[in-house]
Amino acid sequence: MNTPTPTQRTWYRTTIFNVSVVAVCAFIAPGLWAAMNGLGGAGSADPYYVNAANAVIFCLQVVVCVFGSSLIAKIGLKWAFALGMVGFPIYASSVYCNVKYNNSWYIMLACVIDGICSGIFWLTEGAIVLAYPEKHRRGKYLAYWLASRIMGQMIGGAVTLGVNAGNQEEGHISVQTYLVFISIQAIGPFVAATLSPPEKVQRSDQSKVKINLPAGLKAELHAMWKLLGRTEILLLLPMMFQSVFSEAFFSTYNATYFTVRSRALSSLVASTCVIISNFLLGFFLDWRRLSVNTRAMAAFIIIYAFELSLYVYAMVVNKEYERQEPRPLFDWTDDGFGRAVCVYILMLVGFNLMYDYLYWLIGTVNRDGGDIIRLSAVVRGVESAGQAISYGINSVDSFLLSSAVAVNLSFFAACIVPSAFVIYRVGVVNGVKVHHIQQDETLQTSGEGSHDIMDANGKSDD
């Protein structure tokens with residue numbers, strides 16, 4: 001077999017192929033998981049019990065994200081990623097049993113299994129999408145990855161809509177819908193097994209993927225503590241926590257105010273809007289006519305202004321619905337459906353824009369590519385803590401959705417100032433706003449507090 005030349009790469013070792021593997025897995029696993037939960041409580045008639053079960057998943061993910069890197073060191077990134085895919089079809093089957101047989105114990109057992117497996121998945125997936133791409137293409141690859149996850153939600157919504165189009169009542173979706181999800185998710189581990197190990201990935205710019213695996217648990221915990229001591233990471237912790245906090249709210253909102261077929265339709269339309277908006281953001285974040293700092297600041301201002309106005313809008317709408325007796329239930333043929341569904345669609349768009357931006361920002365401020373697994377562990381661990389609390393709150397049926405909006409808004413406001421301190425200094429080296437950050441090098445601290453470096457012209461070589 002001929003050894004590839006610098007201009008000739010083996011197709012299954014390329015960045016695009018390996019990011020595509022992650023994208024397909026994102027479609028199969030969290031994408032279809034989000035498709036079920038986007039219907040409200042995984043499509044069940046009682047979203048509150050499923051929300052409580054989901055809170056268990058995210059609590060376990062926090063623990064796994066702290067200790068999971070040691071497992072990755074033992075079995076490798078590739079096989080840890082494949083192992084992480086195992087829990088998703090088990091979770092889907094438990095919801096199926098809950099809906100069809102009113103079986104409660106299995107869903108809790110499945111949540112324990114899925115919490116451990118998905119914790120490994122979140123940890124490895126985050127490390128791969130941050131470490132594998134060339135930095136000047138990271139925005140596009142992040143958009144591609146997130147679009148694939150949303151594509152899972154969109155196709156899941158289309159399947160659900162097709163199966164449940166005649167259901168104008170509230171309640172759970174058709175049990176046949178879950179069988180489709182289970183069948184697709186079952187192939188996930190086999191797809192994940194086609195991933196290339198980081199040392200074998202062949203980037204277009206010939207740079208190497210740099211990931212440091214921990215030597216032992218004690219050393220890893222020490223390195224994690226050291227990472228958490230970095231100022232920029234500490235300041236971004238509130239943003240990591242808040243970025244996913246709204247998921248439980250808009251999922252419960254969809255289950256509360258819409259018929260089964262309207263829930264499926266809103267999930268389908270929202271997913272389409274998210275894919276378009278994420279790609280627009282990804283191309284903007286990679287637009288090198290503007291400096292890194294200008295892109296970071298502009299995206300931050302636009303996304304946060306959009307999110308703030310959206311929370312106010314959601315509060316007004318939910319307060320209005322909570323005053324009505326009986327509680328409104330919208331079908332797509334009803335007056336007021338458009339206004340009600342806009343809250344769900346816009347919340348999903350804002351959620352994913354924030355998520356895309358967070359990962360681009362984390363990749364940009366990352367000081368050393370070798371720290372990417374523990375950095376992913378921090379991000380995913382804090383995210384899971386936020387989701388555990390959020391789903392726990394929304395599992396209480398007496399907790400008003402307007403109160404959930406208020407809690408979301410409080411966390412949103414709390415993360416603005418610390419995040420702004422980091423974003424203000426992103427891409428600034430010795431007082432100069434650079435257009436490119438070099439890939440996977442130990443970065444030097446500038447007088448402005450940044451950890452970015454640039455080449456002689458402040459731009460990159462493609």
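Each residue, glycine too, has its Cβ placed from N, Cα and C.
What Swiss-Prot lists as transmembrane segment is 16-36 (among others), and the listing cites sequence analysis.
According to Swiss-Prot, the transmembrane segment annotation covers 55-75 (among others), on the basis of sequence analysis.
For 79-99 (among others), the entry in Swiss-Prot reads transmembrane segment, with the evidence type sequence analysis. If you look at the transmembrane segment (79-99), the same-chain residues 6 or more away from its ends with a CB under 8 A from one of its CBs are 22, 25, 28-30, 32-33, 36, 42-45, 49-50, 57, 68, 71-72, 106-107, 109-111, 113-125, 128, 172-173, 175, 178-179, 181-182, 185-186, 188-193, 195.
Look at Swiss-Prot and you will find Asn102 (among others) tagged as N-linked glycosylation site. Asn102 (N-linked glycosylation site) has a Cβ environment of 7 other Cβ atoms inside 10 Å.
Listed as Cβ neighbours of the transmembrane segment (104-124) (distance under 8 Å, sequence separation of 6 or more from its ends, same chain) are residues 25, 29-30, 49-50, 53-54, 56-65, 68-69, 71-72, 77, 80-81, 83-88, 90-91, 93-95, 97-98, 373, 376-377, 380, 383-384. Swiss-Prot lists 104-124 (among others) with the feature transmembrane segment.
According to Swiss-Prot, the transmembrane segment annotation covers 143-163 (among others), on the basis of sequence analysis.
Residues annotated as transmembrane segment in Swiss-Prot, with sequence analysis given as evidence: 173-193 (among others).
What Swiss-Prot records for 233-253 (among others) is transmembrane segment, and it gives sequence analysis as the kind of evidence.
The N-linked glycosylation site feature in Swiss-Prot is assigned to Asn254 (among others); the stated evidence is sequence analysis. Around the Cβ of Asn254 (N-linked glycosylation site), a 10 Å sphere holds 27 further Cβ atoms from the protein chains shown. Secondary structure at Asn254 (N-linked glycosylation site), as computed by DSSP, is helix.
Among the features that Swiss-Prot reports, transmembrane segment is placed at 265-285 (among others). Remote same-chain residues near the transmembrane segment (265-285) are listed as 35, 38-39, 138-144, 146-147, 150-151, 153-154, 156-158, 160-161, 254, 258, 295, 298-299, 332, 341, 344-345, 348-349, 352-353, 356-357, 360 (criterion: CB distance under 8 Å, separation of at least six residues from the stretch ends).
Per Swiss-Prot, the feature transmembrane segment maps to 297-317 (among others); the stated evidence is sequence analysis.
Summarising the annotation, Swiss-Prot assigns transmembrane segment to 343-363 (among others) and lists sequence analysis as the type of evidence. Packing against the transmembrane segment (343-363) from elsewhere in the chain are residues 38, 126, 129-130, 135, 138-139, 142-143, 146, 150, 236, 239-240, 243-244, 246-247, 249-250, 253-254, 258, 266, 269-271, 273-274, 277-278, 281-282, 285, 296, 299-300, 303, 306-307, 310, 313-314, 317-318, 375, 379, 422-423, 426: each is 6 or more residues past its ends and has a CB under 8 Å from a CB in it.
A Cβ distance under 8 Å defines the sequence-distant neighbours of the transmembrane segment (404-424), meaning residues of its chain 6+ beyond its ends; these are 232, 234-239, 241-242, 245-246, 248-249, 252, 293, 296-297, 300, 304, 307-308, 311, 314-315, 318, 361, 365, 386, 393-394. According to Swiss-Prot, the transmembrane segment annotation covers 404-424 (among others).
Look at Swiss-Prot and you will find 443-462 tagged as region 'Disordered'.
The feature compositional bias 'Basic and acidic residues' is assigned by Swiss-Prot to 449-462.
Highlighted: of the candidate stretches 16-36, 55-75, 173-193, 297-317, 16-36 has the greatest count of Cβ pairs under 8 Å to the transmembrane segment (143-163).
A straight line from the CA of Asn254 (N-linked glycosylation site) to the CA of Asn102 (N-linked glycosylation site) spans 22 Å. If you look at the transmembrane segment (173-193), the same-chain residues 6 or more away from its ends with a CB under 8 A from one of its CBs are 21, 24-25, 28-29, 32, 35-36, 39, 43, 78-79, 81-86, 88-89, 92-93, 95-96, 99-100, 156, 159-160, 163-164, 167, 260, 263-264.
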